[in-house]
Amino acid sequence: MEKEEPKQTDLSEKMNYSHFFFLFFFGNSQFNTLQVKALIKEPEEETKDFYFQQTMIRIKDPRKSLPFYCNVLGMRLLKQLDFPQGKFSLFFVGYKSPDEIPTGEDDKKLFALSTPGTLELTHNWGTENDPNFSYHNGNKDPRGYGHIGIAVRDVYSASKRFEKYGVKFVKKPDDGRMKGLAFIEDPDGYWIEIFCPKTI
């Protein structure tokens, strides 16, 4: 017989994000610290030059996603790559100052593909014209992908900015049990965690 799941009573219990489980359930973790350490060994020499460079998400309409990530969240477009044969485009965005971004197109491509922490927005041509088309955001059943995280100095000030732009909130800073932490949605419904590293 399957065990009945406990009823969820507030917003934070309805949301399946990592910080909630870490703060409230770590003491009852299935794997203790020693067990976890036993699973991990020192990285091998062959991986010394590996680093986390990008996360890719598919977007329905660049006309909505690019203004959101660049105008609302403050990223910059590092490089656009178009693939007519495959009928798709890639937009690399990230937090870089203008003087860091090269001017030559080949240099921009190398920069976009080597800069750590970039977001690759993939657009399959034609999806923007289909009113019934949407992507699974990972936070509806079946759950999988969760969110990206954006660090800010002040979550409350950032949230006021998002309200000004009409951004949809999953969780406002004072909702639920976890205060000072927000979740917003991008135009495709992907979740974005807004947090301050010093107060999390």
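Each residue, glycine too, has its Cβ placed from N, Cα and C.
A TrEMBL annotation is a machine prediction, not a hand-curated record.
Marked as active site, proton donor/acceptor by TrEMBL: E193. According to TrEMBL, the feature Zn(2+) binding site maps to Q54, E120, H147, E193. Taken from TrEMBL, the feature domain 'VOC' covers 51-197.
E193 (active site, proton donor/acceptor) sits 17 Å from E120 (Zn(2+) binding site), counting Cα to Cα. Each residue of the domain 'VOC' (51-197) gets a DSSP state, and the totals for helix, strand and coil are 37 helix, 45 strand, 65 coil. Every protein chain considered, the tally of other Cβ atoms within 10 Å of the Cβ of E193 (active site, proton donor/acceptor) stands at 21. It is Q54, among the binding-site residues Q54, E120, H147, whose Cβ has the fewest other Cβ atoms within 10 Å in the structure shown.
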